[in-house]
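Presented below is the structure to which this report refers.
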């Protein structure tokens, strides 16, 4: 019995080892970094029971309506285990791998009980198949997949607990935990209704009613064409014909998980006029196996089919809309039943089939899944690898195309920007009304110096979103602000026009820290280091702390804001105040090169004004002069970034100022060797 748990557990850990080094990708940022219930210690732990999965009030109109407090509490526990730090995703991934390994071991043990403790090796195979199945990678390597993993664990404990101990209360407790991990967990009660229909259907109704009572008077979240394009089809016949094809694709993912991607959204799955042959054959095959099991009085086969089908119902699109046409993580809980079904079916392999052949085939299946899973985890290492993989797998995924281009946009490398333009044009060709792609294309043109094309793209974005909320307007105005600061008088818009636009949109949507940060930078550019810019930088910090800041990339790092505020103080001649700001934020942040360099500059300026009168006292009582403090920070920066021109130039300036001319010359020459030509460095 112990090996039925231990072997799948250990194998699962091995195949997912490289997932531990993955970062935050896709929805992880919003669910963790943008969720105050997870990262803000001032939020009480019980508040997550009043909020949705993303930290918004569950009864608000803007809420996603995904109520998963158990999962959110597990994220909060990870933050505590990591010492309150979220700069690394490692702890979250360790927990995900542990939980999946736990679930894998439970599947092996449950299958042994399910098959009346008669088929040890088939039970072992079921546990191992679940442990290494490649369709689980999204749920395990993606941190937000924690919801599916927890739901799967509690789903299995609910079913197993009732079947083993006949305890209705135990089943109800685990069903509640499964449902509060992810909504599909409630289906464990539907499965248990085969034992006691009245009791478990009543429990289902109670939990379902309580769950939706949390919504208050707010309407359900409305999905868009990008999230579920089949749902937008007017014809009911076409919708169900298309969803039948989705069911076939889900079955193929369980049998042959080859085409895996983080996005199977708009235009990757066609809208069909009529049911296709594949979906009809899939339904027939499932029906034939079920009838065969029923006719042979094999309740194990029939029950295992139900164990797979019941948790799949919420993802089937048959009863209510969901925000994903097809998603691999939605198969996590149904695959428990699938693995048990495989074991139950293999009991009927005729004795004349060589046992060695069966064993060899089973090993091939497990090894191929292990290989696929291990390599698929690499795709989740970063957003770059994830989006690149998705573009290869689903070349018509407009989300993958646009998001990969967005990453290229951040790098500002000309070759990548040109490639990004191609990707965005492909996305726009597939869906011409895709405003995100138009906006990113405008930003790409701007960085390439193609201002007229940039303005045209921004205008197109504005036209598409003229009836939409202020968030899109703020993002567009943000890009226009960058254009004004880069082109000055050559821009098609005046700085005051863009400032007015940004103020209008950020006042309507105050939870947009990135847009407010750009407003502050624009005001500093237009009016100098005055109170207007300072007030907007302070607003950025307030906006960061708002509960409904969730969009990827919206958050502004605290150190960046304080760094900007310190530079304003430097420009105003208040170097002491600027250094105080930098010293304070440096203590709270994980060493940032820009902070170190600006601290060096600030301490040098203080030394120019006050000589050795100003000293800094360390926590151990040791005192440092202004010059010693300046050199301490620039040496830190140089140690970590030895080939950074910004660091080398300022290190050279410090050495020159302190009279070490030969060493200063060495720093300048090294910087010049890296940059080629630089007027200020050559002058120094």
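From the backbone N, Cα and C atoms, a Cβ is placed for every residue, glycine too.
Unlike curated entries, TrEMBL annotations are predicted automatically.
As stated in TrEMBL, the feature transmembrane segment covers range 240-257 out of the listed 240-257, 258-275, 348-365. As stated in TrEMBL, the feature transmembrane segment covers range 119-136 out of the listed 65-82, 83-100, 101-118, 119-136. In TrEMBL, the transmembrane segment annotation falls on 306-324 of the listed ranges 154-172, 211-229, 306-324. Helix, strand and coil residue tallies for the repeat 'TPR' (435-468), in that order: 27 helix, 0 strand, 7 coil [DSSP]. Long-range contacts of the transmembrane segment (306-324) within its own chain (CB-CB distance under 8 A, at least 6 residues past either end) are made by residues 155, 159, 183-185, 187-188, 190-191, 194, 221, 223, 227-228, 230-231, 239, 243, 246-247, 250, 264-265, 330-331, 333-338, 340-341.
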